[in-house]
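Student: Below is a structure I'd like to ask you about.
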């Protein structure tokens, strides 16, 4: 079921949180086949919203209905016949990914598959010609051991030969997740989504910590990023994966920066080898057997050398040789 439906088909439950439009609450949806599903209901109270906010809410609903992928939150439909307006979507059992990461420490293996799932979800979004514009751990959900791309409030569909989404001058932007060209030009592209995906991967390996937490202001963060400074990954991050993000995903030139399909392909080819054990693991809802020989837990002091290498490659645009190495499977 995916479309408009009557409010009588679902019942509202407890409030989960509130936002610019109104509240998000749990609910029970009765589907056309008689099955009942637990859902999340995002409401927009017209009397509390500006015309622009209502337009943004309806755009979010329209965009969400394009997606059907295990790593993108699913929209069952919208209710627009009465106030409040409502978007009915999957209920994520673990809530926001950022909160989950802070509550529960995950293994390196789990973190790598979280990153892979996020890449797969974002790739699906881009295949539908949509730019998300706000990829971050706070805007992803976690449910049934899967990361789900969510919160499409800033997302826009590219039209015709359009390549960028211009942002309003009065629009508040998540500076710490922005690509350098977005900071300068105030425009979002698929390549700027890729940059933000890299920050999301950093958040995953940092257990939900905030990026640039030691930097005094957003203005200083912007100056650092434009200058070529990059975040340092935690010691448990596999060396080659960190290099992929630093040298390819965070390349300061969007023309050279890899696309999400390239990053996904590299991860899909190499992630099993990086884990380095023989086991059965669940990835994006599927089961696969991993058989490799190099165990990342046996790297010894190699992790220290990796930290130094990533530190030295913070000006990643000058590391073309490393970029080529980490960008290929």
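For all residues, glycine too, the Cβ spot is worked out from N, Cα and C.
Unlike curated entries, TrEMBL annotations are predicted automatically.
Small disclaimer: the values here were computed from a predicted structure and weren't measured.
Quick paste from TrEMBL:
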{"type": "ACT_SITE", "residues": "134", "note": "active site, proton acceptor"}
{"type": "BINDING", "residues": "42, 138", "note": "ATP binding site"}
{"type": "BINDING", "residues": "139, 151", "note": "Mg(2+) binding site"}
{"type": "COMPBIAS", "residues": "277-297", "note": "compositional bias 'Low complexity'"}
{"type": "COMPBIAS", "residues": "299-320", "note": "compositional bias 'Basic and acidic residues'"}
{"type": "DOMAIN", "residues": "10-271", "note": "domain 'Protein kinase'"}
{"type": "REGION", "residues": "277-329", "note": "region 'Disordered'"}
Student: Other than its own, how many Cβ atoms are within 10 Å of the Cβ belonging to residue 151 (Mg(2+) binding site)?
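Tutor: If we count other Cβ atoms within 10 Å of residue 151 (Mg(2+) binding site), we arrive at 20.
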Student: Looking only at 42, 138, the binding-site residues on record, which one has the least crowded Cβ, with the fewest other Cβ atoms within 10 Å?
Tutor: 138
Student: Per DSSP, residue 134 (active site, proton acceptor) is which: helix, strand or coil?
Tutor: coil
Student: Round to the nearest Å and give the CA-to-CA distance linking residue 138 (ATP binding site) with residue 151 (Mg(2+) binding site).
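Tutor: Residue 138 (ATP binding site) to residue 151 (Mg(2+) binding site), Cα-Cα distance: 9 Å.
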Student: Which ones in the same chain are close to residue 139 (Mg(2+) binding site), with CB under 8 Å and 6+ residues apart in sequence?
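Tutor: 96, 149, 150, 151 - these are the non-local Cβ neighbours of residue 139 (Mg(2+) binding site), listed in sequence order.
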Student: Including all protein chains shown, what's the count of other C-beta atoms within 10 A of the C-beta of residue 134 (active site, proton acceptor)?
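Tutor: Counting Cβ neighbours of residue 134 (active site, proton acceptor) within 10 Å gives 19.
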Student: Sorry to bug you, but what's the C-alpha spacing from residue 134 (active site, proton acceptor) to residue 42 (ATP binding site), rounded to the closest Å?
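Tutor: Per the Cα atoms, residue 42 (ATP binding site) and residue 134 (active site, proton acceptor) stand 18 Å apart.
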Student: So, three-state DSSP: helix, strand or coil for residue 42 (ATP binding site)?
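Tutor: Going by the DSSP assignment, residue 42 (ATP binding site) falls within a strand, counted as strand.
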